[in-house]
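Undergrad: Okay, so TrEMBL annotates it like this:
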REGION    A:1-30  region 'Disordered'
COMPBIAS  A:11-25  compositional bias 'Polar residues'
BINDING   A:Thr83, A:Asp85, A:Glu98, A:Gln117  Mg(2+) binding site
SITE      A:Lys100  site 'Transition state stabilizer'
2 protein chains.
Amino acid sequence: MSFRYPDGKLYTTNEQPRSPIPTGSGNRGMRLEDDINESIAYYRRENIALIHKKPTPVQIVNVDYPARSRAKITEAYFRQASTTDYNGVYHGHYLDFEAKETRQKQSFPFKNFHDHQLQHLSDVARQQGCAFLIFRFVASGEIFVMKATVFMQLKAESTRKSLPKDVISENSIPVQSRAFPPIDFLPAVERLFFR
Amino acid sequence: MSFRYPDGKLYTTNEQPRSPIPTGSGNRGMRLEDDINESIAYYRRENIALIHKKPTPVQIVNVDYPARSRAKITEAYFRQASTTDYNGVYHGHYLDFEAKETRQKQSFPFKNFHDHQLQHLSDVARQQGCAFLIFRFVASGEIFVMKATVFMQLKAESTRKSLPKDVISENSIPVQSRAFPPIDFLPAVERLFFR
């Protein structure tokens with residue numbers, strides 16, 4: 001099942017099969033979150049890295065206990081997350097990131113990354129964790145991985161509402177979209193933080 | 001508000017004030033989770049480490065959108081977590097742990113740590129993350145921090161259903177309970193993994 005958050009963002013449960021959005025050919029237009037989830041599941045299976053998506057934060061107000069069946073939550077509300085969606089461990093190092101996509105062709109809106117996510121990534125960087133962002137341009141299928149600190153500096157210096165694609169390209173590592181894993185971002189993380 | 005999971009574990013929301021259970025004097029008997037949450041909040045404020053508790057995993061089935069108010073979840077179910085409750089970053093290192101307490105006086109039941117938690121901590125250790133356990137004996141107020149891999153080895157070698165306190169003591173670092181932060185476990189982590 002799926003529904004929309006108050007901010008319009010689509011929510012789907014983890015059990016949901018991949019839902020292609022018909023925007024083009026091949027892998028383009030598949031939901032970014034599905035591709036990231038498949039990629040981290042691949043990394044876990046192959047013992048390359050251990051990364052999990054955090055559960056959606058929910059404030060539970062009321063629970064029923066129907067006879068002979070499991071507890072049913074009958075009243076709950078979405079809470080604002082205080083972190084990013086993804087974190088984990090890679091050769092002992094702490095990884096933390098957020099992934100977003102845009103349908104704009106030439107630039108990436110700053111507002112796609114929320115303030116609480118950037119604040120958290122800034123805190124991660126201060127603790128010497130690997131804090132990064134994954135950008136996808138839906139139309140072209142291009143994917144980039146950038147240090148979160150670099151993004152925040154570019155945002156602070158900018159007078160615009162979005163970051164031009166050529167600026168992103170100059171300050172990040174490109175990742176080729178492929179069949180499996182769909183987004184192999186760890187080599188880019190390796191280059192950004194450990195070389 | 002609070003209620004019990006089907007397994008009898010008490011659930012309280014994060015917004016809940018500390019709920020003392022009258023079992024003795026001083027800090028003893030305060031819920032372990034509250035003390036851990038206060039301690040990690042202290043570590044975050046002081047920029048000592050960035051550790052968060054993960055949200056309770058919930059499968060959302062139905063959501064209402066009442067006019068002029070926020071989205072209300074009207075049907076949802078608890079899901080089994082696939083990780084531990086706590087992870088974070090400390091000087092670039094990935095930390096992951098679970099904390100449990102017992103009212104038994106001389107030994108700690110193995111079953112207090114669930115299989116999926118130990119499996120996850122084993123995966124963390126394989127990725128060179130710092131995987132550890134925090135034990136609290138409610139009656140005496142004693143607290144111990146042990147490497148998860150050591151616990152799993154002791155469990156594998158044991159023919160009993162619980163781990164004697166003297167074995168825990170010999171294989172872990174004790175932590176003194178104090179006023180603030182209530183459980184200062186990071187020096188023990190430092191000794192276990194980095195010295």
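Cβ atoms are placed via backbone N, Cα and C, with glycine included.
A TrEMBL annotation is a machine prediction, not a hand-curated record.
Burial and contacts for the listed features, if you can.
TA: The secondary structure of A:Gln117 (Mg(2+) binding site), as reduced to three states from DSSP, is helical. Around the Cβ of A:Gln117 (Mg(2+) binding site), 21 further Cβ atoms fall within 10 Å across all displayed protein chains.
Reduced to three states, the DSSP call for A:Lys100 (site 'Transition state stabilizer') is strand.
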Undergrad: Just name the recorded positions among A:Thr83, A:Glu98, A:Lys100 whose Cβ comes within less than 8 Å of a chain B Cβ; none is a fine answer.
TA: A:Thr83
Undergrad: For the binding-site residues listed here, A:Asp85, A:Glu98, which shows the highest count of neighbouring CB atoms within 10 A?
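TA: Max Cβ neighbours within 10 Å, all protein chains included: A:Glu98.
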Undergrad: For the C-alpha pair, I'd like the distance in angstrom between A:Asp85 (Mg(2+) binding site) and A:Lys100 (site 'Transition state stabilizer'), rounded off.
TA: 11
Undergrad: Does DSSP put A:Thr83 (Mg(2+) binding site) in a helix, in a strand, or in coil?
TA: coil
